[in-house]
Every structure is written in structure tokens, then in C-alpha cells.
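Each remark here refers to the structure printed beneath this line.
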Amino acid sequence: MAYGLLKGKKGIISGALDEKSIAWKVALKAKEEGASIVLTNAPIAMRMGEIKKLAEACEAEIIPADATVVEEIENLYTKSMEVLGGKVDFVLHSIGMSPNIRKGKAYGDLNYDWYMKSVDVSALSFHKFLQVAEKMDAINEWGSVVALTYMAAQRTFPFYTDMAEAKAMLESIARSYGYRYGKLKKVRVNTVSQSPTKTTAGTGIGGFDKFYDFADKIAPLGNASADDCADYVITLFSDLTKMVTMQNLFHDGGFVNTGISEDVMGLLD
Ligand SMILES: NC(=O)c1ccc[n+]([C@@H]2O[C@H](COP(=O)([O-])OP(=O)(O)OC[C@H]3O[C@@H](n4cnc5c(N)ncnc54)[C@H](O)[C@@H]3O)[C@@H](O)[C@H]2O)c1
């Protein structure tokens with residue numbers, strides 16, 4: 001059911017790779033809620049062609065941009081403002097990648113060039129999205145910027161390796177830039193810390209299926225799906241949450257505050 005929460009708003013949605021992507025669901029719901037959007041992803045992700053289906057469904061243009069390259073982000077905002085007919089009201093950063101995780105490197109055997117790449121793609125890119133937007137004055141007052149994160153920023157999950165540091169940095173950028181952009185333009189910046197979700201990025205992490213099941217058994221509400229996450233992100237883009245900023249918001253069915261559950265105790269019998 002649509003509520004018209006984003007009626008008349010314009011936004012940029014990054015990170016929709018295929019229909020499992022969290023960003024894919026956010027794009028569909030943003031459209032459903034009345035927004036006009038543009039989609040963006042790394043040029044290499046375009047080759048897979050899936051995003052074109054989403055663009056058709058959302059009547060959206062696709063503007064390729066490698067999120068690590070400032071000039072490409074500048075082009076993204078310039079073209080988005082052209083296509084959408086003005087500044088944007090919301091931006092979704094749904095981007096993460098670790099070469100060390102892809103190659104199965106243990107935390108004690110990380111390749112440092114790859115480590116830098118993980119941080120650049122998964123965290124610094126968020127600062128770049130914000131800094132470029134500020135310099136170009138590309139986001140309307142009371143606009144909302146959301147990035148997706150994971151609880152490994154606060155707690156240790158052994159297979160998350162260098163992405164844990166990248167997420168900690170991402171969340172810190174949300175606080176620091178949230179302060180700055182709030183003062184300057186009343187733009188708010190938050191991160192949403194999502195449950196394990198069966199996407200390309202998610203399932204690439206070693207032991208994913210086990211910790212997906214474990215989280216599902218710990219959280220009193222179970223794991224939050226990508227669709228649920230999209231609903232939550234839409235509320236953060238809407239005016240109903242306009243005083244929420246600089247927060248890391250857990251969207252995890254209650255996992256973060258649960259010590260142990262009967263379900264998990266049952267497994268130990
Ligand atoms: N899946 C999970 O379990 C989970 C849990 C919590 C948070 N998250 C976060 O959600 C976000 C979205 O991931 P997802 O699970 O939907 O997986 P996904 O694989 O569908 O999305 C990741 C996206 O990042 C994009 N990307 C990678 N490098 C890029 C670059 N240089 N420039 C631009 N885009 C680039 C990919 O093309 C892809 O579209 C990520 O930040 C991820 O860490 C995922």
C-alpha cells in the first residue's frame with residue numbers, strides 16, 4: 001500500500017545490482033511513494049544489464065558513476081539535476097565491496113592495497129557523495145541522505161574482516177557530515193544498520209548462511225528483509241522523520257539488544 005510519502009520529491013539511488021539488492025527495493029518503493037528518481041551504479045555493474053529492467057519499472061534514467069571517483073560523482077549530480085529538473089531531496093548510498101572478502105582473505109592476512117580499496121568503495125565514497133553535493137549545492141533544504149551499514153561496526157563478526165572498519169568509518173562520516181550539513185542546509189544524514197540479507201554483497205561473506213540463521217534465531221522479530229529495509233529507508237526520506245539526523249539506526253528485528261534467545265539455547269542442548 002502506498003501512502004504518497006515522497007510525493008513530488010526527487011532522489012538518487014545507488015547500488016541496485018539485481019532484484020535482490022536492497023537498493024532495488026528502495027527504488028521501487030520510492031517510485032510507488034511518488035518520487036522521481038535516477039539510478040546509479042558503477043559502470044562495470046551496468047554490463048550485467050539487470051538495472052535496465054529496474055529503470056523501466058521506475059521510469060528512471062541510469063547515470064553510471066564509480067563512487068570512488070569525484071569527477072564521476074560531480075557528473076552524477078549535474079545530470080541528475082538536469083533530468084529531474086532541480087536539486088534532489090534524497091540520496092541513497094547502498095554501496096559496499098571488499099576485495100579481501102571476495103578473495104577469502106583472513107583478518108590476519110589482509111592485502112593492504114585491497115584494504116584501501118574496501119575503505120574507498122565502502123566508506124570514503126559516502127564522504128565523496130556528501131562533499132560533492134555540498135560543493136554543488138545539489139540537495140534541497142531538509143533533504144535526507146541515507147547509507148546502509150552493518151553491525152560489525154560495533155561488534156566483531158569474524159568473517160567481516162576489513163568491512164568492519166569500513167562500516168565504522170561510514171557511520172562516523174554520517175555523524176560528522178550530518179552535523180556539518182545540518183548546520184549549513186538542514187540536510188540530514190543517517191545510516192541504517194540492516195540485518196543480514198541474501199544479496200550479492202551479503203552472501204559473498206564467508207559463513208553467511210550460518211550467521212543469517214543465527215541472527216534470525218536471536219532477533220525476536222527475526223531478520224528484517226530487503227523489502228522491510230526499503231520501507232524503513234522510505235520513512236527516512238520522508239518529511240515524517242525530518243528531525244532525525246546523525247544516527248545509526250538499527251533495522252534488525254531487535255538483534256542488537258538481545259543477549260541470547262530460547263531458540264539459540266535450544267540449539268545448545
Ligand atoms: N546484504 C547484507 O547482509 C547487508 C547487511 C547490512 C548492510 N548491507 C549493506 O547494504 C548495501 C547494499 O548491499 P546489498 O546487500 O544490497 O548488495 P548488492 O551487492 O546488491 O549491492 C552492492 C552494490 O555496490 C555497488 N558497488 C560496488 N562498487 C561500487 C563502486 N565503486 N561504485 C558504485 N557502486 C559500487 C555494486 O555494483 C552493487 O550494486 C552495502 O553497503 C552493504 O554493505 C548489506
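Including glycine, each Cβ sits where the backbone N, Cα and C put it.
Heads up, TrEMBL stuff is auto-annotated, nobody curated it.
The NAD(+) binding site annotation in TrEMBL covers G15, S21, I22, I95, K167. Taken from TrEMBL, the feature active site, proton acceptor applies to Y150, Y160.
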For I22 (NAD(+) binding site) and Y150 (active site, proton acceptor), determine the Cα separation and express it in whole Å. 13
For the NAD(+) binding residues given in the record (G15, S21, I22, I95, K167), what is the largest pairwise C-alpha separation in angstrom? 18
Quick one: of Y150, Y160, which of the active-site residues has the smallest count of other CB atoms within 10 A? Y160
Please check each of the recorded positions Y150, Y160, K167 and report the ones with a CB atom less than 6 Å from an atom of ligand 1, ordered along the sequence. Y150
For S21 (NAD(+) binding site), the three-state DSSP class is coil
Roughly how many angstrom lie between the C-alpha atoms of K167 (NAD(+) binding site) and Y150 (active site, proton acceptor)? 7
